[in-house]
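To start, the structure under review is shown below, and the notes come after it.
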Amino acid sequence: MMVISVGCDGTYSDPLQTPTSEHPDVVLGHLLGKTLAGRHLLLALDPGASLVLDLKALLGGRGEAVISSSSGSSVSLLDAHHPDPFLQRARAEFLRGGHYVAVLAFTSSPDLLLDSLTERWNPDYLVLLSLNSAVNTTRLLMDERIQRSRHIALLETDSAVLEQDTTLLEKSGMLLDQDGSLLEKSGTLLDQDKALLEEDMTLLEKNRLSLKKAGMLLEPNTVLPKYVKTSLKQNLKSTRFNKSFQKGRYRVFTSQPFTPHGRGWGVKLPLGAWREGSNFSDFSALFPERFPTLGGQTLYLGSWCDDFPFLYPGGGGDGDGDRGHGDGDDGDGGGDGDGVHGDGDDGDDGDGGHGDGGVGDGGVGVADGDEGSCIGCGLDLLDMLAGPLNFTYHVQMEPKDHNWGSKNEEDGRWTGMLGDLVYHNKHLVINTFQVIEALVAEFDICYPYHMEDYEFLLSVPPPAPQWKGLLYPLKAEMWGAVLAMTCLVVLLLTICLTLFPDTQDPSTVFLLVVGAEVRQSVPERLGRWWGRVWVGWWWLGCVIITTAYTCNLVAFLTVPVFPRRIETVQELAASGLRVCMQDYGSFVPDALKDSPHDLDLQHLGQNFDLFPYVYLRYDVGLSWLADYTHALIETHSYLAYIVRLHHVSHSTYVMKETVYPGYMSWVLKKNTPYTSRLSVALAHLVESGLVHYLYLKHMDSSSSPNTGAATQTSKVSAGGALQMGQMLGAFMVWGLGVGVASLALAVEFLLLPRLHHHPQQSP
């Protein structure tokens, strides 16, 4: 075992008496040495607890309450009255998660420690050990900073429970019953309190000597700072060290604020007597699930019903906004003021009141308008969880600021649905939000259930002119190679025939070479074998090229030719097209601009246009696409919905390269105690395949019944007759040939008279 002291210096006095089985030293020893054996511990003590507990015996050296040194655990000590230095420098594993078990022992209300806790504080396992029956632990459990923890265990004596129950009775006015029976009982309780007070005074007299010794020990050694000694003196004056250490039995409590208990809720729910730890030797027995159900509570969604296929308008509804299941018991539990049960409407601060517990089966509807109800696979998932977890939910049609949700760089405030979650008393967001660093830092994230990315939609480029169909079978470089080889063969063969005369006239070599390319025979013949071999290989090459050209020409004459499509971000940035998006407060425009490590994305961000948000109206953006001036960016699922809704699947295409891929998750307020409960339930649905099934179900449901028929009728049947536009190139070649022949005729017509005027002279 390793002991690390973090601001808890000083010496500790031994108990005056031999510890009994219910002495705080023994209880804490059993807790640390058995139930929490092998765990890393963060032990926070206030000054009074430092005097009551014998830490030397507990952590280092004697007695059955000593923590075993072979347990492999570590104990870090924290001064609860001066926690700031540690809390500011501590790593996250000390303050959050399940790596450490936080144990807080106190003799007075730990307000100073609680006031020092920031959003970083959220241990999964928290143990509260009350050493003073005067501390109102019920009020302590209601504190939001305590309620953050996933598991909570409270240990206190029976006398503390009796005293706090008496206080609650007095506050509720039950002692003022008309028949006076309860008044007599209250008198009995007051007599018992007087007896306990006298016993406390006797115990204080007995402890004066030890306290004096402790004070004398502090002065010469000056181990503790002056402010700690002052705090100790003040704490000793206000603390009741009564015989509950010896006589009272310790009882164990947890906090289940959504579980009905008595006439209220189980904010302080008893688990049983400590009994030397025999009932709670198992770790899971000490830390049961705090949220087996949500007790019929209503979760208010920060939602926007325009997020296909997760949330989108469906059939008619009654507009009450409640949906789900709940069979919670009736209850009049008063507000606890901690915000755990806050059910304030949008814009309210919430008073944390429990209200009526029973909710019953909720009806389907929307919250903020008469447009109809919201449907989607996200709500289907909530319906599946609402029954087992016993909750209902209230759907918000859209945020008031018409923003999706991002952080304003100017004032640091969140907008949209995330702003509703932080400032407007919403509990859950199930719309499309990807898990990013900024989101994880300031919100709670559930188990990722789906993956989405952002895609670019572009118009299909217009087909190339059909009159160029004769040129398409060969690339430009291939046409250049054929032309160059033709000229080279003509030149070389002419030179060879000039140097080595043959029966072939050198002036007709051009016809011999070109005849092979157009597959036409010529009457000229070569008499020598070297010339025949030369021309034979040329003819063979021409046969291969012309055959390939002819086969390819058939396809290009019958099928339209389209230019090469833009498929990458780099090509899109170089194309000169701008990017557009509907203006609903997405993070994408700012993210594209702030891309210093990717110049292509930065270029797209600098050429970004937004068009006004109107529900399902993308006319402006699609008109820009039709003009070949913009590319539309949107999430994969929603973009597929828009394409089918506006019937532009034949005129548009989705670019292959995508941006900002990421996993989607439900979002809750930071340090929501039931986040893990929802997360585990959602993980079960993901692993069972139900999430993917519901996603595909809603994606398929968006297809129009007439879409298939329209697609079939628009198909071009095979073997259709060639049209004039497809053969326009051939007519242009024929016209070019006629023009050249006409030019030759004109030249001959002009030159022929001159030949007749100059007859050949006889020798």
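Positions of Cβ are set from backbone N, Cα and C atoms, glycine also.
Where the annotation comes from TrEMBL, it is an automatic prediction and has not been curated.
Computed from a predicted structure; not experimentally measured.
Listed in TrEMBL for this protein:
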- 315-365: region 'Disordered' (REGION)
- 355-365: compositional bias 'Gly residues' (COMPBIAS)
- 364-423: domain 'Ionotropic glutamate receptor L-glutamate and glycine-binding' (DOMAIN)
- 478-500: transmembrane segment (TRANSMEM)
- 537-562: transmembrane segment (TRANSMEM)
- 731-752: transmembrane segment (TRANSMEM)
Within the same chain, the residues 6 or more beyond the ends of the transmembrane segment (731-752) and with Cβ under 8 Å of it are 467, 470
How do the residues of the domain 'Ionotropic glutamate receptor L-glutamate and glycine-binding' (364-423) split into helix, strand and coil according to DSSP?
21 helix, 8 strand, 31 coil
For the domain 'Ionotropic glutamate receptor L-glutamate and glycine-binding' (364-423), the averaged pLDDT of the predicted model is 86
